[in-house]
Amino acid sequence: MEDRTLSLEEVILSEEYADIIVPYLGDINFFLEQFDTNYYQIIDNVYAILHIPLEQYFEILLTFAIIDLNAIITLFGPSSIEAIDSAGILSMHNHPYLPLRGNDVLIGFVDSGIDYLHPAFIYEDATTKILSIWDQTITEGQAPEGFNYGTEYTSEDINKAIQSDNPLESVPSVDDTGHGTFLAGIAAGRYIREEDFAGAAPDAEIVMVKLKRAKQYVADRALIQENAVVYQNTDIIQGLEYLVNKATAENKPLVICVALSTNFAAHDGSFVLEEILAKIADNIGIAVVIAAGNEANLGHHYEGNFPEGAIYQDVEINVAENEKGLLAQLWVTSPDIYSVGVLSPTGDFLSRFAPRLGQRGLHQFILEPTFIYIEYHLIEERSGDQLIFLRIADPTPGIWTIRVYGDVVVSRRYNIWIDREGWINPRTQFLNPSSNTTVVIPGTHRVPITVGAYDYLTDTLFIGSGRGPTRDLRIKPDLVAPGVNVLGPVPNNQFVTQTGTSIAAAYTAGAAALLLEWGIVLGNDLNASTKTIKKTLIRGAIRNPNIEYPNNEWGYGILNVVNSFEVLRDRFL
């Protein structure tokens, strides 16, 4: 029974309430009546978030056919001066005729927070370059206008804190992992001469959303390892709306840098978060940049090609010791229809059952304490393709086999993904994995700028950089940027080197800020948007004459802002 005396903020933060995304299409009352709840948040004119007592959650998912796969909360985690010069950015800061540093442009993040006391974010006059922080984890202060939880800290609040004896007393927001601090520094950190460090757009202002941790019921359902960094898509979506609202209120162009990832969706751009990001990216004055992820070499993807004349094909996965569980999604390219059986390391076998619409089954093995749940979506609501979902709780360590049966075989193509890095043991992986189609969600939509990483010192691709094509065979990533052994800020006034496509995305976000300054702020291209900026960066990318472009590793080439401005000069002058 729903306790209707709770505030909306209490419900949003409560572990006793589940969160569901629904396509309400302007008629929220229909869903409120169907689910008997008064608690909801409107995202836009299509989507809303309902909050429902946890004891009703699984019953609701089983009962209402109007709820699609995207209703189930999806978890995301972080994708982790020579570099800036190699990207052709440093030259633009002090260009004799066109100095660009990101002035009057906002760069927004939905991440782990920011160490606002780090010198990379404080000007010489002891004022902050952070416009605002929305900390979703702090409930004592005032939530942002139009939102119902967390606390917003303005630049005025942060400046007062910086100048006080105990800053964290008045602005207690901290970065728990350092991920958000590092990315914000790479994209927009100020010059720190003694560290030989500068961000890509040092005069841009930062807007940071510190995401709250995903609710425990979501992490438990996903069988994720203890202490993993996990966020849920509802909070990410609300954070994106906050960033757009701040840019609108300030009347300034905005770059959104997303460096969070999951393996679980269709990998064709159809996931709800990807569609929301694409919708934002369609706006003039906004650029959306997304990290390609670090999954290419981790063995978390299997690329299937069903053999002609075969009855089944075996796909083997090594499951490490002490693995809490294993999730897998098998996506089938239409018009094919497949079904699966499962063979355990002890030889216990779960036979396949017919792939009917909405078919699901739970099985416990006899010789081991493992439970397997299998669910068939013959026509997944957004992609139109078949999805088979497998959840293996408390798996016996060893080689597990997913036996894939071809019931209707035409295209022969299917793909299987298991959980991403940080959520499962590194030794849990496919025995015959594919590095193709490892660009993570939400980086597979055609509109946003998806960025891989390379080593700027050796001109080689970062081994983990997510690779294309998308599942519907489009080129991704769009380009690559420095992302190996890059120096950046972390909490407690430190600088360290880190590697990953998140860093490449942050550099590209800074580059996009320079283009928005040139286009929107200086009035040279008042129609600048994600699409035009992506085209400009692609045209200016450095391409190796010995490599054919575009390709699924480098995209259209290496980020180089100076070259991109040469393209702009030829286009506009």
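Cβ from N, Cα, C; glycine included.
What TrEMBL records for 102-300, 434-557 is domain 'Peptidase S8/S53'. Residues or ranges marked as active site, charge relay system in TrEMBL: ASP111, HIS179, SER502.
Broken down with DSSP, the domain 'Peptidase S8/S53' (434-557) shows 32 helix, 27 strand, 65 coil. Residue pair SER502 (active site, charge relay system) / ASP111 (active site, charge relay system) shows a Cα separation of 11 Å.
Within 10 Å of the Cβ of ASP111 (active site, charge relay system) there are 27 other Cβ atoms, across all protein chains. Looking only at the domain 'Peptidase S8/S53' (434-557), the predicted model's pLDDT averages out at 97.
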